[in-house]
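S.K.: One structure follows; several queries about it will come next.
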Amino acid sequence: MEEGRELERWEGYVDWRNRPAVRKKHGGMLAASFVLVVEVMENLAFLANASNLVTYLMGFMHFSPSKSATTVTNFMGTAFLLALLGGFLSDAFFTTYVIYLISAGIEFLGLVILTIQAKIPSLKPPECTNQGSPCQSVTSSQAAMLFGGLYLTALGIGGIKGSLPPHGAEQFDEDTVQGRKARSTFFNYFVFCLSCGGLIAVTFVVWVEDNKGWQWGFGISTITILLSIPVFLMGSPLYRNKIPTGSPLTTIAKVLTAAIFSHQTPQGMTNTNAVVDCGPSPDTNYKEELNQTVTKTNPLDLSNELTFLNRAVERQPINKFLLCTTEEVEDVKVVLKVIPIFLSTIMLNCCLAQLSTFSVEQAATMDTRVGSLTVPPASLPIFPVTFIMLLAPVYDHVILPFMRRFTKTEMGITHLQRIGTGLVLSIIAMAIAAVVEVKRKRVATHEGLLDSTEPLPISFFWIALQYLFLGSADLFTLAGLLEFFFSEAPAKMRSLATSLSWASLALGYYLSSVLVEIVNSATGKGSHAPWLKGSNLNHYRLERFYWLMCVLSSVNYLNFLFWAFRYRYIRSGTKG
């Protein structure tokens, strides 16, 4: 009877009451479906503000276009970078279940602060008088409230991004083909649901912000993230939660330190040699631990990749706390192998950052009318999110099954092939963006509107082209990255590894801010005006900036190919 119960349990998992998780009761697609619904609500709350925040900062906080763009990219970059903290805490000390609940509460508090500031006139600068005098800038206390609310919100967003995707992916049995295919479907629909929330955000909520007031926009986000908590809790009886196994960073640091500082004399393969190698008068406990470690560890099981790490097992540690097993060494190898892939995706996310900044500012100078309807510039992401919503089911139910039959492999299309496709699409998008900007400025010059704030007689649908290609790139890359990091990482590091997908976004946004500063510094010497500075976008050299992004993305793609062709998947042993 006891053996039967053991077989029914999910080893290493508990339910929401910390009791052993049971097969056929916990986990599966039904449990993951609650995560998908919550993701719709979570991304609605996030993107409703992020997509239109540059407009709020310029129109109500009286920031310049460049400062507004930098503030938005820094906010979004911080939010995504903090996903690493959420992933780390999920692996080391808490479950993904607990981290989501805490993070949702923190984001709620941040949004409450922003809602109150948007509602009360005395907490933001007065409206511009439009009588030739400059607009009054924010006071130090108003700025403190703004950034306090923004970065408290960013902290909550980071925790959610670091815990929600791995929580959903943990519901599937990776030891079966059916479970791994279901997990792949989950990641595709996770991006689909992310886009569903984004669609509502950039249409309905952005319209509310522009027509009814920002206090209503922030209020909708506040209520939505609050309601996501009971929706998430409804799935509690079905969830299986991975038991935290301690800090993955400690394991990484231990293996690296042991590989660098171990004694040069080999341990040997036997317990006797290991003890002799300890040197004169060794500590008895140290000898016993070393004996046990050598017994469990066979250097022949070590892989031939990153062989310098093998020294952590093959040589004597200088301290008993640096004793390493083969499993720990191989786990750290996996982490180091995925780092070049991670770094290769930062440039793509730098391109994506333009959708929330310069692309919105471009659209704001153009004709945004569709018949009798005027479309807010911040609603432009409707193009990529709609395309993602259409493509994600087609990819999962048509393209992927066809490729599985064609290649006769479980994956059909490898994770790295998906990521590479996204990188190519981002290059095309930047080239299109440069061409469209040239056309936009020609219209402004021809119509004599370079110094005017009037909308240019050119449809904002031209901007939709770059949104379309970058949205497609996001679908291929984000879903591929999430599944790649989760499936390749050791079980004890999966939340942290999955968070690298969001960290790539963060570094992309930061890189965008840095590139703007570098470009302005390099081009603003002498009598030349900086490419990306001033109050009028028509005088920017934005097309040159986009061409620069296109060139950098092309170089980055070549770097990605170098690492992708060398990569071998952990499970299948095949190359990328």
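Backbone N, Cα and C atoms are what each Cβ position is placed from, and that goes for glycine too.
Fair warning: this is a prediction, and the values are worked out from it, not measured in the lab.
Sharing the record's features from TrEMBL:
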- 27-48: transmembrane segment (TRANSMEM)
- 68-90: transmembrane segment (TRANSMEM)
- 97-116: transmembrane segment (TRANSMEM)
- 143-164: transmembrane segment (TRANSMEM)
- 185-208: transmembrane segment (TRANSMEM)
- 214-233: transmembrane segment (TRANSMEM)
- 338-358: transmembrane segment (TRANSMEM)
- 378-398: transmembrane segment (TRANSMEM)
- 419-438: transmembrane segment (TRANSMEM)
- 458-482: transmembrane segment (TRANSMEM)
- 494-511: transmembrane segment (TRANSMEM)
- 545-565: transmembrane segment (TRANSMEM)
S.K.: Hey, which bits of the same chain come close to the transmembrane segment (545-565), Cβ under 8 Å, at least six residues off its ends?
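M.R.: Distant contacts of the transmembrane segment (545-565): 340-341, 344-348, 350-351, 354, 358, 416, 419-420, 423-424, 426-427, 430-431, 433-434, 437, 515-516, 519, 531-532, 575-576.
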S.K.: Tell me, please, if the transmembrane segment (338-358) and the transmembrane segment (143-164) are in contact, taking contact as 3+ Cβ pairs under 8 Å between residues separated by 6 or more positions?
M.R.: no
S.K.: Count the CB pairs under 8 A between the transmembrane segment (27-48) and each of 68-90, 214-233, 378-398, then give me the winner.
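M.R.: Result: 214-233.
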S.K.: Quick one: do the transmembrane segment (419-438) and the transmembrane segment (378-398) have at least 3 Cβ pairs under 8 Å, skipping pairs fewer than 6 apart in sequence?
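M.R.: Taking Cβ pairs at least 6 residues apart, the transmembrane segment (378-398) and the transmembrane segment (419-438) are not in contact, as fewer than 3 fall under 8 Å.
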S.K.: Which stretch from 68-90, 143-164, 214-233, 378-398, 494-511 shares the most C-beta pairs under 8 Å with the transmembrane segment (97-116)?
M.R.: 143-164
S.K.: Under 8 angstroms for C-beta pairs, at least 3 of them, ignoring pairs fewer than 6 apart in sequence. Is the transmembrane segment (214-233) in contact with the transmembrane segment (185-208) by that rule?
M.R.: yes
S.K.: Sequence gap of 6 or more, Cβ distance under 8 Å, 3 or more pairs: do the transmembrane segment (185-208) and the transmembrane segment (494-511) meet that?
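M.R.: They do not touch: fewer than three Cβ pairs between the two stretches lie under 8 Å.
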